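Below is one structure, written out as structure tokens; the observations come after it.
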Amino acid sequence: MASEKVETVVAGNYVEMEREEGDSMSAKSKLSKIFWHGGSVYDAWFSCASNQVAQVLLTLPYSFSQLGMLSGILFQLFYGLMGSWTAYLISVLYVEYRTRKEREKVDFRNHVIQWFEVLDGLLGKHWRNVGLLFNCTFLLFGSVIQLIACASNIYYINDNLDKRTWTYIFGACCATTVFIPSFHNYRIWSFLGLMMTSYTAWYLTIASLIHGQIEGVKHSGPTKMVLYFTGATNILYTFGGHAVTVEIMHAMWKPQKFKMIYLIATLYVLTLTLPSASAVYWAFGDLLLTHSNALSLLPRTGFRDTAVILMLIHQFITFGFACTPLYFVWEKFIGVHETKSVCRRALARLPVVIPIWFLAIVFPFFGPINSTVGSLLVSFTVYIIPSLAHMITFAPAAARENAVERPPSFLGGWAGTYSMNIFVVVWVLIVGFGFGGWASMLNFIQQIDTFGLFTKCYQCPHKA
């Protein structure tokens, strides 16, 4: 009876929100409905898939050269499933938190719930502080990586300017994301972003197969433990894009429908990443070890230029995905989060972009930085912390009895769920953070020693 009562509270509240939102939208233009204001299951799916397969599409062949073909494919499948599992845990904790708060008559209509607030409400301030630290740091560097990727890609169309100068330019362009209020307003952008990366993925696959293998191609990976675990942590990073799960769920009219969305999004993403990474690695082999951006090895054609332009647009969108939660945190800190003025909020958000801009100029190491962020930040933010939080939240018998979302029976109920959570924590702590952190930091330091900080043009060919 307790669980039925909770479900009624949740469903009633969300349906009420949906109806009120529908009434308010009826006075607006149809174009605004279609392009600007989303909250359906489909919007959430496009947001998850679009956010997950951004610039990593271009670095996965580099990871395959470090791992070898077989390990590359297996790690993608393994981390794809593991990421889907922890995204599910986050969604369960969100619904649990929101239900408890709404039973206390808390109104979230002008407030976006975030992961650190879920941890605070369920486990207390110490968990909140840890979650806030890891989540914000990860999203900060996630935004940095998108900015670095913009400069790396545009260079292959126009090399009249060095990559650092392009970083300055795209930093200013990406700052315009301050005008996008919330994840509700990414409807058309999520759809277009996924179409753009789908084109790029299939371009990489087809172009590599048509190009064929280079003369004397070698596929010697894996050759060193450092490279092996660096490649593995880049894939860990690839499927760790659910740091914005709570914000995407909060933008849904019925967040309790999120359960399987991330898994379905991951399955689609795998149809893009597996063929493209395998084909590029098959064609170029060990040459990818010194070319972290797959586009740099394919001949310049109209199709490649189109792929570069589409990826640039998508990276702008993904920058917004990573940065919007940071905007929310900053708004709450300075006390403007609940204001309805878009311009006032946009002006307040601008200081968030400045450190991102600076860090992208300091560490322009496209590829190696992904692995470093994956091992040190993603491992805790979206794997270890959600698993531990879920186990501790439902440790009391009363919490399990009154849980809004009970574990699937086909996984063995609570015992099966706890077993999976313990496995995730142990695996990611040892392999992802331990070995991955060691390998990625060594590789990252090597990039600094080779190219230096503030390098003007990372991995650029020497001009005659």
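For all residues, glycine too, the Cβ spot is worked out from N, Cα and C.
Looking up the ranges 34-57, 226-249 in TrEMBL, the one annotated as transmembrane segment turns out to be 226-249. Nonlocal intrachain contacts for the transmembrane segment (375-399), taken as residues 6+ away from its ends with a CB within less than 8 angstroms of a stretch CB, comprise 82-83, 86-87, 89-90, 92-93, 96, 119, 122-123, 127, 130-131, 134-135, 137-138, 141, 233, 236-237, 240-243, 414, 417-418, 421-422, 424-425, 428-429, 432-433, 436-437, 439-441. Proximity of the transmembrane segment (261-284) to the transmembrane segment (411-435) is not established, fewer than 3 Cβ-Cβ distances being under 8 Å for residue pairs spaced 6 or more apart. Listed by sequence, the residues of this chain that lie at least six past the ends of the transmembrane segment (73-95) yet keep a Cβ under 8 A from its Cβ atoms are 10, 48, 60, 67, 113, 115, 118-119, 122, 231-232, 235-236, 238-242, 245-246, 249-250, 255-256, 258-260, 262-263, 266-267, 269-270, 273-274, 277-278, 382-383, 386-387, 389-390, 393, 403-405, 420-421, 424, 427-428. Same-chain residues lying 6+ beyond the ends of the transmembrane segment (411-435) with a Cβ under 8 Å from its Cβ atoms: 82, 85-86, 89, 225, 229, 232-233, 236, 374-376, 378-380, 383-384, 387-388, 390-391, 394, 400.
Stretch with the largest number of CB pairs closer than 8 A to the transmembrane segment (191-214), among 132-154, 166-184, 307-330: 307-330.
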